[in-house]
């Protein structure tokens, strides 16, 4: 597949203006940058991981990037096209609290079965710890929790029916009633 068109088709632009929180000018700028970094118009996992390494140079971002990639790659084809990229970016940067919770839930729900298990949550929490690096994690992690202890703390607050899995409803309800849970999920417990 060669070089992509340098402009979005009018119908695509119209759809993205409706589907995202970006205006036409912003979308044009993002598209230009996307094509500069990805001339093929698609971003594969390796390229995506390289982007994360730039943002998190003190840790190992590869595992977290895999999970973020899976969440961005809505159609599951192993690449992220501009639409998938800009829609995910819109949610994570400008979306409503509800949209961000749905996105986060999808990231933590590794197998896509609509429930987050302790194993799934531990996988993401460990990836976050690795990504931010030891020095930064020590500053963020004032309570000294290990990834396993953090998962236990999150489950004690979210898993209302104590069935060792968190549904989307439990996830949203707990996050809305206790904002500190959102900070735990991000592994950012600074007051």
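Each Cβ is built from the backbone N, Cα and C atoms, and glycine gets one as well.
Summarising the annotation, Swiss-Prot assigns Ca(2+) 1 binding site to 73, 75, 77, 79, 84 and lists sequence analysis as the type of evidence. According to DSSP, residue 77 (Ca(2+) 1 binding site) sits in a coil region rather than a helix or strand. Counting every protein chain shown, the number of other Cβ atoms lying within 10 Å of the Cβ of residue 77 (Ca(2+) 1 binding site) is 10.
Counting every protein chain shown, the number of other Cβ atoms lying within 10 Å of the Cβ of residue 113 (Ca(2+) 2 binding site) is 10. Marked as Ca(2+) 2 binding site by Swiss-Prot on the basis of sequence analysis: 109, 111, 113, 115, 120.
In the three-state DSSP assignment, the secondary structure recorded for residue 159 (Ca(2+) 3 binding site) is coil. Counting only residues at least six positions away in the same chain, the Cβ atoms of 165, 166, 170 sit under 8 Å from the Cβ of residue 159 (Ca(2+) 3 binding site). Here Swiss-Prot flags 159, 161, 163, 165, 170 as Ca(2+) 3 binding site, drawing on sequence analysis.
The predicted model assigns the domain 'EF-hand 1' (40-58) a mean pLDDT of 88. Annotation comment: Swiss-Prot describes 40-58 as domain 'EF-hand 1'.
The domain 'EF-hand 2' annotation in Swiss-Prot covers 60-95.
Sequence-distant contacts of the domain 'EF-hand 3' (96-131), counting only residues of its own chain at least 6 positions beyond either end whose CB sits under 8 Å from a CB of the stretch, comprise 52, 56, 59-61, 63-68, 70-71, 88, 137, 147-148, 150-151, 154-155, 164-168, 171-172, 175-176, 185-187. The domain 'EF-hand 3' annotation in Swiss-Prot covers 96-131 and is backed by sequence analysis.
Feature annotation from Swiss-Prot assigns domain 'EF-hand 4' to 146-181; the stated evidence is sequence analysis.
Per Swiss-Prot, the feature N-myristoyl glycine maps to 2; the stated evidence is similarity to another entry.
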So, in DSSP terms, is residue 113 (Ca(2+) 2 binding site) helix, strand, or coil? coil
For Ca(2+) 3, residues beyond 159, 161, 163, 165, 170 with C-beta within 8 angstroms of the site's Cβ centre include exactly 115, 158, 160, 162, 164, 166, 167
Rounded Cα distance, in Å, between residue 79 (Ca(2+) 1 binding site) and residue 163 (Ca(2+) 3 binding site) is 35
Translate the DSSP assignment of residue 120 (Ca(2+) 2 binding site) into the three-state scheme. helix
